[in-house]
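Q: Annotations for this protein, taken from TrEMBL, read as follows:
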| type | residues | note |
| --- | --- | --- |
| REPEAT | 29-110 | repeat 'Solcar' |
| REPEAT | 125-218 | repeat 'Solcar' |
| REPEAT | 247-336 | repeat 'Solcar' |
| TRANSMEM | 32-52 | transmembrane segment |
| TRANSMEM | 189-210 | transmembrane segment |
| TRANSMEM | 249-268 | transmembrane segment |
Amino acid sequence: MNLGAAEEESSSAQEIHIPADINWEMLDKSKFFVLGAALFSGVSGALYPAVLMKTRQQVCHSQGSCIRTAFTLVRHEGLRGLYRGFGTSLTGTIPARALYMTALEVTKSNVGSAAVTLGLTDAKASAVANAVGGLTAAMAAQLVWTPVDVVSQRLMVQGSSGLVNASRCNYANGFDAFRKIVKADGAKGLYRGFGISILTYAPSNAVWWASYSVAQRMVWGGIGCYVCKKDDESNGSNNAMKPDSKTVMAVQGVSAAIAGSVSALITMPLDTIKTRLQVLDGEDSGKRGPSIGQTVRNLVREGGWTACYRGLGPRCASMSMSATTMITTYEFLKRLSAKNHDGF
């Protein structure tokens, strides 16, 4: 799943003036991080059940309905089962988000300035800055997110039936899982799947930013054409349109949802392989994890290449909802944290 969106200037037959983006230098850093931790903790809590369902489906022998999996989980474990491992995930997510946001904004600011200096237009400089910022932020955050994923995902699947070579350890809580993983595999056990995580999230960010940029341009273009046509039908006037903050957020949310679905579809096989590497034990040893090749062979043997897309529904839903809420929340956070903020 990723944060941030550049509010690009758009134009059509009807001129639309979009509020300018708020860069790193314009932010009150203390307010930015404190409010960010609170806002994104709430967002993570709302989306966590979908992430848990996706994870369980990815490590099961056979593909089952997401709804059936959810009902079975709630029937056996209650509603608390939908939040298994959430405390661990939240504890790691806060510093990971802080690292992500810092890397994103600092990179966007520096790369954007450098790109303009090199002679790129503002539109191209913004696109390059956002793409590089997203990729840099995703890779930096994986230093924290990978250990959190390894621990929280093991807690997510614990007690579930029908898992493939699931870890045989029973964990009392996140700290117990952390201790047992380090005892069995050393510190490197916490970074199982780190390489494939980078390979998953780097292209995911690239696809997300590209899809988001195209989708946002198309949505704004559609709005401009609609307003222009409406004006022509009324009195032929062609006044500039200045959308309010709610309209801007709505366009960002729709564009983010489209980008999230496209990104989920394209990168799903890598995410399935990554999840299995982080959660499952090898066939010959309870301590050593499976290789990438072994994981792919197991998936194909279980259900053909379509097995790589297990959990696609929950992941599409999770990434679309996450992208929408993260983008709107992030832009709202930036406006709240802007120096000399006078209101949203």
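Cβ coordinates come from backbone N, Cα and C, glycine included.
I'd like to know what surrounds each of these features in this structure.
A: Note on the repeat 'Solcar' (29-110): DSSP counts are 72 helix, 1 strand, 9 coil.
Long-range neighbours of the transmembrane segment (32-52) within the same chain, counting only residues 6 or more positions beyond its ends whose Cβ lies under 8 Å from a Cβ of the stretch, are 70, 82-86, 89-90, 93-94, 97-98, 101, 156, 314, 317-318, 321-322, 325-326, 329, 332-334, 336-337.
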Q: Give the residue counts of the repeat 'Solcar' (125-218) per reduced DSSP state, in the order helix, strand, coil.
A: 75 helix, 2 strand, 17 coil
